[in-house]
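For reference, the structure is listed below as structure tokens.
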Amino acid sequence: MKSAKGIENLAFVPSSPDILRRLSASPSQIEVSAFSSDPQKENSQPQELQKPQEPQKSPEPSLPSAPPSVSVEQLRSLSLSEFEEGPCGWRNFHPQCLQCFNTPRGFLLHYCLLAVTQGIVVNGLVNISISTIEKRYEMKSSLTGLISSSYDISFCLLSLFVSFFGERGHKPRWLAFAAFMIGLGALVFSLPQFFSGKYKLGSLFEDTCVTASNSTSCTSSTSSLSNYLYVFILGQLLLGAGGTPLYTLGTAFLDDSVPTHKSSLYIGTGYAMSILGPAIGYVLGGQLLTMYIDVAVGESTDVTEDDPRWLGAWWIGFLLSWIFAWSLIIPFSCFPKHLPGTAEIQAGKTSQAHQSNGNADAKFGKSIKDFPAALKNLMKNAVFMCLVLSTSSEALITTGFATFLPKFIENQFGLTSSFAATLGGAVLIPGAALGQILGGFLVSKFKMTCKNTMKFALFTSGVAFTLSFVFIYANCENEPFAGVSESYNGTGELGSLIAPCNANCNCLRSYYYPVCGDGVQYFSPCFAGCSNPVSYRKPKVYYNCSCIKRKTEITSTAETLGFEAKAGKCETHCANLPIFLCIFFIIIIFTFMAGTPITVSILRCVNHRQRSLALGIQFMFLRLLGTIPGPIIFGFTIDSTCILWDINDCGIKGACWIYDNIKMAHMLVAISVTCKVITMFFNGFAIFLYRPPPPATDVSFHTENSVVTNVLAEEDLNKVVKEG
């Protein structure tokens with residue numbers, strides 16, 4: 001489009017890699033290219049501008065040479081030169097063997113490896129090692145809870161700044177930094193093992209009924225081992241610093257490097273791998289816990305895993321993760337700032353940013369002074385904020401269930417904690433990974449627009465909301481428990497574990513080791529009045545139990561033929577477990593199917609230059625409103641259904657041993673439905689508010705990013721005309 005004087009307005013020049021490359025060549029070439037799009041004229045004009053031009057066929061005034069102005073420098077800085085494509089390598093060293101990885105798939109491979117490593121450490125090894133760390137370093141659960149929260153605290157503090165300044169930076173090198181920090185965090189987390197000395201076994205506790213005093217005195221002492229708490233917190237803070245660029249800048253780099261319709265598939269694959277990481281961490285950590293804790297110094301013991309004093313080698317997995325994470329530093333450092341073909345891909349993309357008064361200008365991200373304005377800009381984007389609140393509400397229930405689903409299964413269906421954790425992981429991990437991949441695939445397959453992507457996420461959330469009511473029907477009533485819901489053969493009082501049959505046994509309420517006898521569960525062999533164990537049988541069995549109604553007389557000579565009680569909980573008569581697992585698996589799939597579409601919608605509804613910062617804000621809110629309070633809210637809710645607490649010798653309330661199953665199921669339904677309604681409300685409100693660019697306009701990302709600069713260039717050129 002040309003003006004009346006024949007000057008071509010840069011604001012309306014179609015965006016293409018060739019034009020933007022020409023604009024970044026030199027100041028003189030930039031000025032000339034503003035007058036003509038003819039390549040031949042471009043080659044001749046720079047020399048002619050050294051002297052006044054001769055009038056030809058039009059009365060335009062002569063255009064003398066003008067020194068480079070500020071607007072020209074701005075034009076250079078915001079041209080296609082920012083897409084610094086190049087070969088894979090370091091400086092002038094570019095091995096041919098590395099060029100096969102210099103593609104979106106090659107980057108995705110390394111991104112997935114780092115995401116898996118991060119998931120293994122943060123959500124796998126840390127979680128499975130917490131109970132061992134509590135025993136080894138004599139910490140309370142509140143302190144280990146602080147360790148778990150340190151990662152989210154670090155992520156929240158750093159996400160905004162890393163995403164803001166990293167947007168303009170070299171994103172693959174930021175991911176190399178992420179690999180370094182994740183490895184360093186894993187190494188620091190394992191250090192207490194090497195400085196705390198050898199683990200000393202205590203004396204074995206007698207769990208049967210003995211007439212002698214079996215109680216312990218109320219003592220309160222603080223061990224120096226608890227000071228290692230600060231080392232664990234430091235490790236988690238470093239891991240949080242490594243996770244921040246991974247999920248903000250790494251996601252934005254993937255979106256940069258592939259066409260719009262493929263972006264969701266790549267992002268979904270990367271997120272799915274981050275979900276598989278915890279599964280690998282649980283399996284790896286579980287196997288390592290079968291090794292004795294001091295195996296590195298050649299220590300061995302006769303204590304088996306069944307002994308409560310046993311501690312496993314929790315630290316080995318962190319060392320392996322440290323080595324693997326640092327092995328990814330070199331591959332990430334060799335990637336160029338942008339993969340080959342990025343400029344062409346970006347030129348072909350069309351902006352779908354929500355049309356509001358808060359669109360970003362071309363100066364975004366240049367200095368710290370722009371940071372408050374950039375934050376304000378995104379906060380004014382109502383569609384973006386609705387999507388952020390939607391994901392935060394969803395994160396609250398997903399992290400809550402990820403933390404407490406094993407406990408729910410254990411108590412509802414009478415399973416062991418290890419088997420319940422296995423079932424929970426078998427449902428959560430594959431379902432979440434499948435949902436992420438499936439959601440990304442469908443969005444990519446049908447090439448959904450930003451608005452259709454949000455509608456798809458709303459649909460999947462609606463399906464998950466409908467199925468959430470499964471908790472009301474797929475639950476089980478509590479099995480008979482002596483002293484809680486069942487009397488001791490007609491003696492004793494409900495609510496008290498002490499009865500005439502065990503009054504002389506001096507049992508400890510702080511030692512919970514359930515046994516089952518005659519269809520009734522007892523708190524421990526001692527509370528069942530059992531005096532003789534058979535330790536070599538699996539599971540361990542007991543006889544001569546004074547609180548269990550005897551059907552036959554059992555003596556020590558017949559101990560191998562029968563027993564009165566066996567270790568473990570009583571088998572449940574509830575058959576709802578298969579139904580619950582199947583429906584909950586479907587809920588998880590549909591819940592996580594919305595994850596990738598919402599992330600893609602966030603990337604589309606904001607200005608192209610603000611994508612990384614948008615992800616940083618999303619993850620900050622997601623942790624402040626979702627992953628941090630989620631387990632706390634679920635924990636308080638589940639504790640409110642407790643009917644039997646652990647009370648130690650000092651009278652201090654500890655963990656809960658028995659829950660009201662029906663009340664627990666109803667409370668979890670209430671939380672799930674409430675959060676799902678909030679998720680769907682903000683998702684639907686975002687759809688209602690979203691205003692795409694007018695259909696008549698075809699605004700590419702390059703045009704969107706450089707429109708302000710082009711207008712400045714036009715003003716500068718008009719100024720030259722007037723001076724001439």
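Glycine is treated like the rest: Cβ placed from N, Cα and C.
Quick caveat, the model's predicted, so the values are computed rather than measured.
For the domain 'Major facilitator superfamily (MFS) profile' (107-687), the mean pLDDT of the prediction comes to 82. The annotation domain 'Major facilitator superfamily (MFS) profile' is assigned in TrEMBL to 107-687.
Shown for the domain 'Kazal-like' (495-549): DSSP residue counts in helix, strand and coil, namely 0 helix, 16 strand, 39 coil. Per TrEMBL, domain 'Kazal-like' is recorded for 495-549.
Here TrEMBL flags 31-69 as region 'Disordered'.
As annotated by TrEMBL, transmembrane segment applies to 108-130 (among others).
Within its own chain, the transmembrane segment (142-162) is flanked in space by residues 122, 126-127, 130, 133-134, 174, 226, 229, 232-233, 236-241, 243-245, 248-249, 371, 375, 613, 616-617, 619-620, 623-624, 627-628, which lie at least six positions past its ends and keep a Cβ under 8 Å from the stretch. Annotation source TrEMBL lists transmembrane segment at 142-162 (among others).
Under the heading transmembrane segment, TrEMBL lists 174-195 (among others).
Annotation source TrEMBL lists transmembrane segment at 229-254 (among others).
As annotated by TrEMBL, transmembrane segment applies to 266-293 (among others). Nonlocal intrachain contacts for the transmembrane segment (266-293), taken as residues 6+ away from its ends with a CB within less than 8 angstroms of a stretch CB, comprise 104, 108, 111-113, 115-121, 123-125, 127-129, 132, 136, 193, 199, 247, 250-251, 254-255, 258, 299-301, 303, 305, 310-317, 320, 421, 425, 429-430, 432-434, 436-441, 443, 592, 595-596, 599-600.
Counting same-chain residues at least six beyond the ends of the transmembrane segment (313-335), those with a Cβ under 8 angstroms from any Cβ of the stretch are 88-90, 98, 101-102, 107, 110, 113-114, 117-118, 120-121, 124-125, 128-129, 132-133, 136, 172-173, 175-176, 179-180, 182-184, 186-187, 189-190, 193, 242, 281, 284-285, 288-289, 291-293, 295-296. Per TrEMBL, the feature transmembrane segment maps to 313-335 (among others).
For 382-405 (among others), the entry in TrEMBL reads transmembrane segment.
Residues annotated as transmembrane segment in TrEMBL: 417-444 (among others).
Panel annotation: around the transmembrane segment (456-474), residues 390, 394, 439, 442-443, 448, 576, 579-580, 583-584, 586-587, 590-591, 593-594, 597-598, 601, 665-666, 668-669, 672-673, 676-677, 679-680, 683-684, 687 of the same chain, lying at least six beyond its termini, place a Cβ under 8 Å from a Cβ of the stretch. TrEMBL lists 456-474 (among others) with the feature transmembrane segment.
TrEMBL lists 577-603 (among others) with the feature transmembrane segment.
The transmembrane segment feature in TrEMBL is assigned to 615-638 (among others). Same-chain neighbours of the transmembrane segment (615-638): 149, 152-153, 155-156, 159-164, 244, 247-248, 251-252, 375, 378, 387-389, 391-401, 403-404, 407-408, 599, 602-603, 656, 659, 664, 667-668, 671, counting only residues six or more beyond its ends whose CB sits under 8 Å from a CB of the stretch.
Remote same-chain partners of the transmembrane segment (667-690), defined as residues 6 or more beyond its termini with a Cβ less than 8 Å from a stretch Cβ, comprise 354, 382-383, 386-387, 389-391, 393-394, 396-397, 400, 408, 450-451, 454-455, 457-458, 461-462, 464-465, 468-469, 471-472, 594, 598, 601, 605, 633-634, 637-638, 640-641. Residues or ranges marked as transmembrane segment by TrEMBL: 667-690 (among others).
Residues 261-269, 271-273, 275-276, 278-279, 282, 398, 401-402, 405-407, 409-410, 453, 456-457, 460, 581, 584-597, 600 of the same chain lie 6 or more positions beyond the ends of the transmembrane segment (417-444) yet place their CB under 8 Å from a CB of it. Across 108-130, 382-405, 577-603, stretch 108-130 shows the highest tally of CB pairs under 8 A with the transmembrane segment (174-195). Long-range Cβ contacts of the transmembrane segment (108-130) within its own chain (Cβ-Cβ under 8 Å, at least 6 residues beyond either end) map to 101, 144, 147-148, 151, 175, 178-179, 182, 185-186, 189, 236, 239, 242-243, 246, 250, 254, 266, 269-271, 273-282, 284-286, 289, 314-315, 317-318, 321, 324-325, 328, 331-332.
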